[in-house]
C-alpha cells in the first residue's frame with residue numbers, strides 16, 4: 001500500500017496532530033508491505049504567483065522552459081498524490097482555518113486538466129480511488145460546531161479533485177479536556 005503523509009503543523013515537536021498521525025501510520029502499516037511518502041509542510045511549500053498561474057493555464061505543449069520549471073514543485077506534489085492509495089493528513093486548526101502551508105499545498109495540487117476537469121455537468125475530480133484520513137487537532141475549536149470552518153472545506157476541496165472517501169479523526173478541543181479528547185482520537189485510530 002502506498003501512503004502519502006502530510007504533516008501541516010508548524011510545530012516539529014510537541015504537536016498533537018503529528019503524534020496522532022504517527023499512531024495512525026503505525027496502525028495502517030502494521031504487518032503490511034507499505035511505502036510511506038512523507039511531506040512535511042513545515043519545511044515549506046511554494047506559494048503560487050502570477051508566473052505559476054500563467055504556466056498552469058498554458059497548454060502543456062506550448063509551455064516555455066521557464067514555465068515548466070515554474071511548475072516542477074507542483075508536478076512533484078501532484079505525482080505524490082496520484083501514487084498514494086491512502087492520504088493521511090495531520091492538520092491543526094490555526095485561527096479557525098487550515099495552516100497557510102496546507103492551503104499552499106492545496107493550491108499546488110488542485111489543477112485543471114490534471115486533478116480535475118470541467119465536464120458537461122460541472123467539475124469532475126480525476127484523483128479517484130483514494131482514501132483520506134484527516135486528523136484534526138485544536139485547542140478550542142470543536143468539529144461540528146458553528147465555528148468549524150475546516151471539515152466542510154476539506155470535504156469539498158478533496159471531493160472536488162475526486163477524493164470522496166474521507167474519514168476525520170477528531171482531536172479538537174484539546175484545551176478543554178486533553179485526556180478525554182486524546183482517548184477518543186486513539187480509539188478512532190484503533191478502529192481504522
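Cβ coordinates come from backbone N, Cα and C, glycine included.
The FMN binding site feature in Swiss-Prot is assigned to 9, 15, 16, 17; the stated evidence is sequence analysis.
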Binding-site residues: 9, 15, 17 - member with fewest neighbouring CB atoms within 10 Å: 15
Close in space, distant in sequence - residue 16 (FMN binding site), Cβ under 8 Å, 6 or more apart: 92, 137, 171, 174, 182
Sorted by sequence, non-9, 15, 16, 17 residues with Cβ within 8 Å of centre, FMN: 7, 11, 14, 18, 19, 20, 21, 90, 92, 137
